[in-house]
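Q: If you scroll down you'll find the structure; I have some questions about it.
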Amino acid sequence: MRSTIILASAVLLWQSVSAKNFNLVNKCSKSVYAGVLQNGQSTATYYSIPSGGSSNADVAANWAGRIYGRIDCDSSSDQANNTQCGLPGTPNPASLAEFTFEGSGNQDFYDLSMVDGYNLPIEIQPIGASQGSTQYICGSPSCKTLPTCPSDLTVLTSEGDLLSCQSDCSHYNEAQYCCTGAYGSAATCSGGPYAPMIKGACPDAYSFAYDDSTSTYTCDSNTATGYTITWCP
């Protein structure tokens, strides 16, 4: 019996230190359909969060992936509509919270990405860790006010409402905007004419592929027990 108790306690302890928690908070005026997508997977785990509500998601301590939110995806027919409610990408981008846990130096790496475009204001806050000597050490990147979307980059719902905003790369698929080919380095790629507008409104977020120096955040993996992602902070 004693050995069983010790084994059970060991399992519980292992579970407590081998998982991280995402606290998903919705401060938008509508429900948010939040997707938690592990790298290499084609199917996300979804959480329907009402306005003013929150939900929790546990992932492995070495998890890597992205989290995004959609609105107007409450019904099963909405959720099946890949154009409006599916995975984020170039046809219908979403504001992304990206994570790599237990990376180099036992650090968590995280960022906000609008490389493909955006749809909702968003913020990341570490849980259990205080900001270090710079904002990029256990800091809280946020984009609280989205930039105005140019008409040629807008993605509209079937009712004609603004659904999301594409980046130059997503819309035009040109090498100089997507940082590919001859433009595949920080020295040769600036992301296109709309990238500075995104960066101006959301300086904490990636606006193009090589926007690393002012967009990458780290936090000690042993200190941060999880992260709060807030939509419409």
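Yeah, the Cβs are placed from backbone N, Cα and C, and that goes for glycine too.
Curation plays no part in TrEMBL annotations; they are all automatic predictions.
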Q: Which candidate, CYS165, CYS178, does TrEMBL give as the disulfide partner of CYS169?
A: CYS178
Q: Which of these links to CYS165 by a disulfide bond in TrEMBL: CYS149, CYS179?
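A: Record-based pairing for CYS165: CYS149.
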Q: Which of the disulfide-bonded residues CYS149, CYS169, CYS178, CYS179 has its Cα closest in space to the Cα of CYS232 (disulfide bond)?
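A: Of all the candidates listed, CYS149 is nearest in space.
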Q: Determine the Cβ neighbour count for CYS189 (disulfide bond): the number of other Cβ atoms within 10 Å of its Cβ.
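A: Cβ-Cβ neighbours of CYS189 (disulfide bond) within 10 Å number 23.
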Q: Round to the nearest Å and give the CA-to-CA distance linking CYS165 (disulfide bond) with CYS178 (disulfide bond).
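A: Given the Cα positions, CYS165 (disulfide bond) is 16 Å from CYS178 (disulfide bond).
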Q: Disulfide-bonded residues CYS28, CYS169, CYS178: which have a Cα within 10 Å of CYS189 (disulfide bond)?
A: CYS178
